[in-house]
Amino acid sequence: MPSGPATYLLDTSAKYLYAQTDAQGQVTFTLAQDSTAGLKTTISAATMDGSNLTDSKDAIFTVITSPDSDKASYWGHMPETFTNSKGVEFARPLLRAELSSTTDTTSFLSNNELWYTWNRYPNLYQDSASPCDRLGLPTLDDLKTLYNDYPNGGLTAAFGLPVDAGKYWGAGDSKVNDTHSTNNFQYIRLNNGVTQVTNTNTSTAQLCLAKRRVLAIALTSSAMNAEKSAALAKKGDKIPLTVTVTDGAGTPQPNVPIRLGRGNYSQNRAGGSDSTNNSDMLLTPIAPPADAKVFAYHYSGEQLWYWYGTTDESGRVQFELTQDNTPGLKTALQAMLSDNPPTVSNMDVIFTVITSPDSDKAKMWGHMPETAANSAGVKFHRPLLAAEMTSNSGTYYYNNETWPLVTIANTQKAGATACDAAYQPLFNDLQTLYSDHPDSALNTAFGWPVAAGKSWLAVDQEPGTGYYQYLRLDTGAKGHTSSTSVAGAQVCLVEPHTSTPANITLTSTAMDSAKNAAVVEKGSAMPLTVTVKDSSGNPVANVGFTLSRGDSKNRAGTVVTDGDVAADAGADDLMLKELTPASASRSMTTTGIVFTGTTGSDGTATFTLNQDKSLGLKTPLTVKLTDNTALHASLDVIFMVLTSPDTDKALFWGNMPDTTSVNGKTLHRPWLQAELPSGVTPVFTNGVHANNEYWAMTHTVDNTKWDIAKQCGSLSKAPDNNDLLTLYHSISSLGWPTLGYPYLSKSTSGGGMYCGVDENTKQQNCAFSRQVQQVMRRAWSNVLSVWHEK
């Protein structure tokens with residue numbers, strides 16, 4: 001029994017240490033087990049004085065290579081966490097027995113403990129038995145730092161890690177391959193620092209972080225359209241894209257692998273899939289820069305539907321995306337953390353085409369302008385789709401959209417087409433639009449379906465004929481028809497043509513207030529003006545009207561169509577010529593012929609009117625608004641002839657001069673039969689018919705019948721022979737009657753006979769006697785007379 005400090009080896013249960021208590025009844029000693037593998041040993045004490053007192057305690061000596069876990073084979077003190085020199089904190093590895101499931105694992109023995117490797121390392125995020133997913137794993141850089149801190153197996157000595165088995169330890173971050181077509185997984189052996197990068201599944205030991213990395217990903221675009229919840233660009237333009245990775249505090253994270261993917265097929269606005277190459281896109285990485293790739297709807301060679309990359313120092317990857325063959329498609333995109341597939345950010349991108357409108361009734365996604373203007377400033381709405389109209393008279397398919405056709409008859413009905421008459425374009429509006437954009441250029445400029453070969457309807461009718469008009473906006477070809485059943489394409493105006501017409505007038509600068517008619521000589525052109533104004537007196541442009549005629553009548557009120565001879569056939573025919581705003585002619589031979597026109601920008605239309613075979617007729621003209629015939633105006637027009645005097649006793653309207661000057665004397669024209677005073681006895685009951693009028697005849701002296709003395713007031717006022725011979729030279733310009741009837745003078749021959757002059761031939765006849773009444777009756781019954789007024 002030792003009396004002082006001593007050391008004893010208790011290497012078996014058959015060995016005992018005998019000792020005696022001190023004054024306090026105690027024996028103090030220490031235990032050590034320096035070669036332990038992590039064991040527990042029971043130590044027992046018993047009295048030797050016969051009292052048989054006993055007690056025991058367990059003594060455990062732990063090892064760093066075993067964790068303090070009831071699943072461990074040995075008693076250990078492996079630290080639960082440890083850090084590398086960069087401050088990254090790790091959790092100790094788990095024993096295989098500590099896993100909730102050992103599926104997809106393989107055990108390996110190291111330092112008396114059974115550890116595990118995962119056989120499906122890429123799918124950690126899908127395996128709930130794993131103590132951490134790939135975001136819970138340290139990055140390769142974290143592991144390299146840890147190894148460099150404790151190289152060549154130093155991690156076993158420092159933290160008890162089972163690195164001596166030479167297993168690969170998986171990193172939580174993958175590495176993108178050179179073609180950006182996939183990502184490779186990274187591994188390191190913590191016993192020698194050897195790394196491996198491969199896409200092949202590799203069994204790996206697992207070391208988790210004490211605190212899982214929290215990363216978020218966001219796919220954004222400056223072209224985002226809130227209304228459509230998509231990034232938007234026109235065909236041919238680029239959509240900028242940015243993928244940003246941040247941590248839990250919102251701090252951008254560099255060097256994080258990401259994947260950008262697209263939906264299998266692009267879709268049109270109607271929801272249909274486009275499985276053609278038209279849905280292919282070109283993805284160009286801008287920062288970090290990389291080669292552009294065809295972002296296809298399928299995988300084929302260099303074409304991808306996934307692109308892999310790594311964030312730059314700003315925590316971002318920036319792209320440009322195009323779809324230059326698109327017919328107007330939407331494509332779903334998804335940005336994903338490559339190392340944590342559940343972490344995603346979704347976005348739709350839309351590439352629009354000009355040939356489809358931005359309408360939920362469209363088949364394709366489009367940006368057709370809602371309005372277009374011609375060079376005259378007339379604004380048009382875009383054409384409506386068939387689905388945007390309540391009804392149509394047929395459809396046609398062009399540029400992936402269905403467009404309506406309407407009949408002329410329906411354009412005249414309120415609410416039956418895309419717009420009513422006030423908003424329908426004039427032919428000139430369409431013609432100007434075509435001139436601005438010829439040869440289907442409207443398709444390029446505004447996306448209109450003009451190249452489909454349809455005719456586009458105008459609201460105004462053709463001047464002169466009244467035919468309905470239309471225009472091909474791809475060729476400029478004009479057309480017209482008298483049928484309202486003809487169908488065509490329709491486009492509408494943004495603003496109505498003008499304010500509402502309230503008044504229409506038909507006027508002429510040749511107006512004769514005394515006759516209450518416009519008056520010109522036969523052979524002259526009569527100026528006419530149609531004017532339309534609103535209720536405020538402002539001119540109204542682009543208003544349709546009709547101009548019609550009534551029967552032509554002579555001054556006596558008798559309807560006249562032809563003269564007495566063939567040369568006068570068509571005496572009532574009128575020729576109307578439009579001067580402004582268009583140039584047109586219309587022969588108006590009957591009352592059934594109607595001219596159709598439209599006011600110009602100043603609210604007027606101007607014309608000339610001729611009646612070159614007129615016998616001296618008056619004709620009523622009437623103008624009416626096409627769309628409101630209750631608004632109308634009338635004007636009488638008179639074409640005067642030289643052969644009738646301007647007297648209400650004439651049969652025809654004339655401008656025969658009443659007087660002429662000859663040899664210093666003023667001679668008065670012959671009298672009409674109807675101008676004779678009442679109560680007198682005419683030479684002939686009905687007078688003599690010449691140039692469509694009935695003229696009075698006279699005797700030289702006659703007590704019972706009309707004679708020259710009565711007509712002139714006295715015989716002294718009759719012209720002499722020389723006056724009548726001089727009259728011959730100008731009478732043709734006066735329109736006075738000349739055919740077959742001499743004019744009587746007061747001159748006598750040497751034999752006392754009175755002389756007369758045939759103003760048609762200038763022949764003299766001095767064989768008229770005033771002495772014999774019977775002779776006067778025979779010889780002078782055909783004598784006209786004129787007299788001088790001074």
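Yeah, the Cβs are placed from backbone N, Cα and C, and that goes for glycine too.
Taken straight from TrEMBL:
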- 264-277: compositional bias 'Polar residues' (COMPBIAS)
- 13-64: domain 'Bacterial Immunoglobulin-like 21' (DOMAIN)
- 67-209: domain 'InvasinE Adhesion' (DOMAIN)
- 236-354: domain 'Bacterial Immunoglobulin-like 21' (DOMAIN)
- 357-493: domain 'InvasinE Adhesion' (DOMAIN)
- 523-642: domain 'Bacterial Immunoglobulin-like 21' (DOMAIN)
- 645-769: domain 'InvasinE Adhesion' (DOMAIN)
- 246-277: region 'Disordered' (REGION)
Problem set entry | Intrachain neighbours beyond the region 'Disordered' (246-277), with Cβ under 8 angstroms and 6 or more residues off its ends | 173-176, 183, 213-219, 283, 295-298, 305-317, 319, 323, 325-339, 356, 360, 362-366, 400
Seminar exercise, completed: Taking DSSP H, G, I as helix and E, B as strand, the domain 'InvasinE Adhesion' (357-493) contains 29 helix, 40 strand, 68 coil
Problem set entry | Structural state census, the region 'Disordered' (246-277) (DSSP three-state) | 1 helix, 13 strand, 18 coil
Exercise. When the domain 'Bacterial Immunoglobulin-like 21' (236-354) is classified with DSSP, how many of its residues are helical, how many are strand and how many are coil?
Worked result: 3 helix, 69 strand, 47 coil
Problem set entry | Helix, strand and coil counts within the domain 'InvasinE Adhesion' (645-769) (DSSP) | 21 helix, 38 strand, 66 coil
